[in-house]
């Protein structure tokens, strides 16, 4: 035995005492928790005494309960009644007309009408994974720009919107006709791969999802640069990564737009990620000089208290009302006019087998270039920006 130390038997005895004390505390916690679930009128005198003797535990458990209820309320979707929503849209329309520099921030909620799931809604990707359920979606090549995407493109055309900052990787802003110079896709674009060996980086816009073979910290797509032969990589910024590419992230334009903005309109974003980018919120400016904030979202966001107006409604519903109020016609999306086909670089000979994703085509009946005739179906998402970027949060079962 070391000088001044405990013998082995004494250490074992102390460990048994510690474990016994912890088990007694856990049992007391369970007892108090069971009692608190009962109505006060149903508790016995003995249970009342136990609660009185366990004041600290009661306070802790009640605090936990309040936090759970608060989180539950934040996840609930709330809709303004039709008259209230119309009133709010009139106020929003006035803000859009009077804005000197309006920037729009968009999230997954603007693409749900295109059958692309959001992340934190009742059926969102993170929500389902946290419940231990699988994530599936229809073929993303079937997705088309929504009413909201087309409305934003028209607002920019009318010089009412100066810049769009998007968290979405689905490429629908690009396909709506919004100029590339007018948007920052902070988390990348599923249709764009780049060669970082070339200076400046050489971009390749494709008509298929380039992220089939990519994942968190693994971005090579398996194709090579037509000029230098270097490996091409996707542009996706997964959760936990830091975006370093110039395009299509376009961070420089995003921060410049935020610094000039006097009005910010947030559409379909929980803002739980965007709130972490202080440059987008002009936090270095005094509150009186920061942009006025307008939020359209069904759920709570961490910026609600900062907002001049919060509209609880679906993005397409709000944008339809807004465009009516502004007297602007919403252009219809046409695959024949989709800019991606004029921007796209075709695959070289021998590259046709480098992917198995369905390609976009101008007509739904027309087979896409390089397609293998695979039937469309709703199946689990495998790989790429949507699959491996989120399945990393699921717990792996241990192999026994």
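Glycine too: its Cβ is placed from the backbone N, Cα and C atoms.
Record note: among 327-353, 354-380, 354-380 is the stretch given as region 'Disordered' by TrEMBL.
Here the region 'Disordered' (1-28) has long-range neighbours at 54, 57, meaning same-chain residues at least 6 beyond its ends whose C-beta is under 8 angstroms from one of its own. Across the structure, residue 195 (Zn(2+) binding site) and residue 187 (active site, proton acceptor) place their CA atoms 17 angstrom apart. Cα of residue 187 (active site, proton acceptor) to Cα of residue 225 (Zn(2+) binding site): a span of 22 Å. Sorting the compositional bias 'Basic and acidic residues' (8-28) by DSSP state (H, G, I as helix; E, B as strand; all else coil) yields 21 helix, 0 strand, 0 coil. Considering only the binding-site residues 195, 198, 225, the Cβ with the fewest other Cβ atoms within 10 Å is that of 198.
Around the Cβ of residue 187 (active site, proton acceptor), a 10 Å sphere holds 20 further Cβ atoms from the protein chains shown. Within 8 Å of the Cβ centroid of the Zn(2+) site, not counting the listed residues 195, 198, 225, 228, the chain contributes 196, 197, 201, 202, 224, 226, 227, 229, 230, 232.
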